[in-house]
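Going by TrEMBL, these are the annotated features:
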{"type": "REGION", "residues": "51-101", "note": "region 'Disordered'"}
{"type": "COMPBIAS", "residues": "76-101", "note": "compositional bias 'Basic and acidic residues'"}
{"type": "REGION", "residues": "119-138", "note": "region 'Disordered'"}
Amino acid sequence: MLHPSRSLPPTCSVDASEHLKVLVELTDCKEKYYRLGADLRQLKLRALETAAKTSHKSSMGEDNQQQQQQQDLEDALGRHETLRHEFAQFRRDSERRERLAQARMDALVQDLEVRTVHTHPPIQPTSNDIPTNVHKID
């Protein structure tokens, strides 16, 4: 244990690097989240376009193309469903990582507060600091 007059080495650089690491991880997760959302929107648009083409071609009586378009639509819907599940899983994972990151930051802050209290205890006045008889000098 260190002598009370000596303080513990500063932990700010470790805490700051840990905080930065968590922020970078959080930024990466948010970036992936937005990219997955954009991919999902594109897939929905393609599915709608395919459905529109299917209805247009069916009115023209092209059975083979209609069947192919129907198959493409079913494939697109399957991909959409898969992406939706992946997106939901990513969102759950992202929320879990965010909770863990927040818990780590809270623990670091608490650790820093505890270390600050232990390294800088409050100063108690001594009897030498308090004058006992003060006389006014003119």
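Here the Cβ of each residue, glycine as well, is placed from N, Cα and C on the backbone.
Nobody curates TrEMBL annotations by hand; they come from automatic prediction.
Away from its own ends, the compositional bias 'Basic and acidic residues' (76-101) comes close to residues 22, 25-26, 29-30, 32-33, 36-37, 39-40, 43-44, 46-47, 50 of its chain (Cβ-Cβ under 8 Å, at least six residues beyond either end). When DSSP labels each residue, the region 'Disordered' (51-101) comes out as 48 helix, 0 strand, 3 coil, counted as helix, strand and coil in that order.
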